[in-house]
Amino acid sequence: MAKERTFSIIKPDATRRNLTGEINAVIEKAGLRIVAQKRVKWTKAQAQEFYAEHKERPFFKELVTFMTSEPIVLQVLEGEDAVAKYREIMGATDPAEAKRGTIRKKFALSKGENSVHGSDSTKSASREIKMNFIAKEIAG
Ligand code: RTP
Ligand code: MG
């Protein structure tokens, strides 16, 4: 597998509980390199654009409110098979279904407040990275 990049967010439930360092330790132990990272607070418009694919879903409004409730940490992760590897260490969307040792099993509070986001494909990764970082902010 070639080296690839994925986009990650440490979500408000995790930043609020000071879990950035613990989540980063899981990411780094899995062999993914954090090649860009910044803490920001999204506007409603930014959250709506980022999650546009979910705009018809019943949880959309709640998701936008949650993602704009506190600062979040945006990251670019790099490594072999980074998209699939990060999805694997994140665990299932619902922590009740996540495997032992995954980030969501360890830290998530609920299906909505689930501590992290990771791109679901290389195409999404490319869109999400472009939406949130400029090239010179990424040092691979
Ligand atoms: P993500 O996009 O954040 O990496 O998570 P995912 O692929 O595992 O989940 P997705 O289906 O894309 O949903 C995006 C985010 O919306 C919230 N959600 N809430 N209350 C609910 O039923 C519900 N379902 C999804 C979660 O924050 C989820 O990560
Ligand atoms: Mg998703």
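Just so it is clear, glycine is given a Cβ too, placed from its N, Cα and C backbone atoms.
Annotations in TrEMBL come from automatic prediction, not curation.
The active site, pros-phosphohistidine intermediate annotation in TrEMBL covers HIS117. According to TrEMBL, the feature ATP binding site maps to LYS11, PHE59, ARG87, THR93, ARG104, ASN114. TrEMBL lists 3-140 with the feature domain 'Nucleoside diphosphate kinase-like'.
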Number of Cβ atoms other than its own within 10 Å, given for THR93 (ATP binding site): 13
Recorded positions (LYS11, ARG104, HIS117), the one with most neighbouring Cβ atoms at 10 Å: LYS11
Reduced DSSP assignment, ARG87 (ATP binding site): helix
Local Cβ density at PHE59 (ATP binding site) - other Cβ atoms counted within 10 Å: 12
The domain 'Nucleoside diphosphate kinase-like' (3-140) - residue tally per DSSP class, helix then strand then coil: 64 helix, 28 strand, 46 coil
Close-lying binding-site residues around ligand 1 among LYS11, THR93, ARG104, ASN114, where CB distance stays under 6 Å: THR93, ASN114
Around the Cβ of ASN114 (ATP binding site), the count of other Cβ atoms that are within 10 Å: 23
Rounded Cα-Cα span from HIS117 (active site, pros-phosphohistidine intermediate) to PHE59 (ATP binding site), Å: 16
For ARG87 (ATP binding site): intrachain residues, at least 6 apart, with Cβ closer than 8 Å: GLY118, ASP120
Reported mean pLDDT - the domain 'Nucleoside diphosphate kinase-like' (3-140): 98
Pairwise C-alpha maximum, in angstrom, for the residues (LYS11, PHE59, ARG87, THR93, ARG104, ASN114) that bind ATP according to the record: 21
C-alpha spacing of HIS117 (active site, pros-phosphohistidine intermediate) relative to THR93 (ATP binding site), in angstrom: 9
